[in-house]
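See below for the structure under consideration.
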Amino acid sequence: MFAVFLQPENKLKVIHMISVATRTLQKNNKAIYVALLSILTLFLFLDYIPGLTAWAAWVTPPVALFLGLLFALLCGQAHPKFNKKTSKYLLQYSVVGLGFGMNLHAALASGKEGMEFTILSVVGTLLIGWFIGRKVLKINRNTSYLISSGTAICGGSAIAAVGPVLNAKDSEMSIALGTIFVLNAIALFIFPVIGHALNMSQHAFGTWAAIAIHDTSSVVGAGAAYGEEALRVATTIKLTRALWIIPVAFGSSFLFKSKGQKISIPWFIFFFVLAMVANTYFLNGVPELGEAINKFARKTLTITMFFIGASLSFDVLKTVGVKPLIQGVLLWIIISLSTLAYIYLT
């Protein structure tokens, strides 16, 4: 049967069928775009309906990003102006909304222990990422820096905060997010296995996971798989690292300012800080309100991932190649090993 498929005439038929299907998808890409976005949004908000919460759990930021990428690669660009404008403002709103999920007292209290190593690891990751991405692999500045920021702080949330400051293109954001999400998925499964193989304590594993795994959700997942104490330690340390979004975003606006260009002040980061302050001091009596805003912001961030993924194209992928993934993997390995060394030597 396989030999029949390999015959020249059958190959031509398959190629023709694929070509016709591709043209049909691209011809109807605007309708498909609206349908996909509508279905994604519908599923995302099903958890507000009693009995349907489980369905909403299927729609996560990586899934939304993948759907956007799949659409862009199969159907081409649709509504590019709407896509770009909406993703820009929705991304900034989402970052502000995430501030309502953070308690300033808890973050600062958890940061007192190992503050020196936290500073060293964040700054060190950014510097090592710059060296690997820019000097060794010659990757685009924005893409390389976004991958480094996501690795250093808290994955997709950090990329979402730093991207607008750099005026990063959606394609650059998409590549950086894709790299981070792939590594997150791998870490979620292999970290608990490695932890048990090394006979790590609950506290040691929680510390390692919080620093070496990018995204908060994957840190929580890996910590929960290892044990209750590991989950508690990992969550509190990751909360502290998330605060680094603020200085890194502001520092980036100064660091990457072009000659003669005005400094791009990330005003939405001010609102992110205000959201944290409001959640800590004004909403502590009604925590449900802060949780509701944070929950809604996570949903809008998920929708934004679709917009960002839908902005990619084959041309961009050909230009970029596999270098961003190589940077992400190398940086991840270096941070994981150095964190392990720190844990065992202190």
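Backbone N, Cα and C atoms are what each Cβ position is placed from, and that goes for glycine too.
Long-range contacts of the transmembrane segment (31-49) within the same chain: residues 25, 55-59, 64, 67, 71, 75, 78-79, 299, 302-303, 306, 310, each at least 6 residues beyond the stretch ends and with a Cβ under 8 Å from a Cβ of the stretch. Annotation source TrEMBL lists transmembrane segment at 31-49 (among others).
What TrEMBL lists as transmembrane segment is 55-78 (among others). Beyond its flanks by at least six residues, the transmembrane segment (55-78) meets 22, 25-26, 28-30, 32-33, 36, 40, 43-47, 156, 174, 177-178, 181, 184-185, 217, 301-303, 305-314, 317 of its own chain at Cβ-Cβ distances under 8 Å.
The annotation transmembrane segment is assigned in TrEMBL to 90-108 (among others). Sequence-distant contacts of the transmembrane segment (90-108), counting only residues of its own chain at least 6 positions beyond either end whose CB sits under 8 Å from a CB of the stretch, comprise 157, 160-161, 163-164, 236, 239-240, 242-243, 245, 268-269, 271-280, 283, 290-291, 293-294, 296-298, 300-301, 303-304, 307-308.
Sequence-remote contacts of a segment are chain residues at least 6 beyond its ends whose Cβ falls under 8 Å from one of its Cβ atoms, and for the transmembrane segment (114-133) they are 139, 143-145, 147-149, 151-153, 207, 211, 237, 240-241, 244, 248, 324, 327, 330-331, 334-335, 338-339, 342. As annotated by TrEMBL, transmembrane segment applies to 114-133 (among others).
The transmembrane segment annotation in TrEMBL covers 145-163 (among others).
The feature transmembrane segment is assigned by TrEMBL to 175-198 (among others).
Look at TrEMBL and you will find 205-227 (among others) tagged as transmembrane segment.
Taken from TrEMBL, the feature transmembrane segment covers 239-256 (among others).
For 263-284 (among others), the entry in TrEMBL reads transmembrane segment.
What TrEMBL records for 296-317 (among others) is transmembrane segment. Within the chain carrying the transmembrane segment (296-317), a Cβ under 8 angstroms from the stretch's Cβ atoms is held by residues 33, 36-37, 40-41, 44-45, 59-62, 64-73, 76-78, 80, 83-84, 86-87, 90-91, 93-98, 100-101, 156-157, 160, 169-171, 173-175, 177-178, all 6 or more beyond its ends.
Taken from TrEMBL, the feature transmembrane segment covers 329-345 (among others). Beyond its flanks by at least six residues, the transmembrane segment (329-345) meets 117, 121, 124-125, 128-129, 132, 147-148, 151, 183, 187, 198, 200, 204, 207-208, 211-212, 214 of its own chain at Cβ-Cβ distances under 8 Å.
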Original post:
When only pairs 6 or more apart in sequence are counted, do the transmembrane segment (205-227) and the transmembrane segment (263-284) reach 3 or more Cβ pairs under 8 Å?
Top reply: no
**OP:** Would you kindly list the residues that approach the transmembrane segment (175-198) from elsewhere in its chain, counting only those six or more residues past its ends and only Cβ-Cβ distances under 8 Å?
**Re:** 61-62, 65, 69, 143, 146-147, 150-151, 155-156, 159, 163, 205, 208-209, 212-215, 217-218, 221-222, 225-226, 230, 305, 308-309, 312, 316, 320, 324-325, 327-329, 332, 340
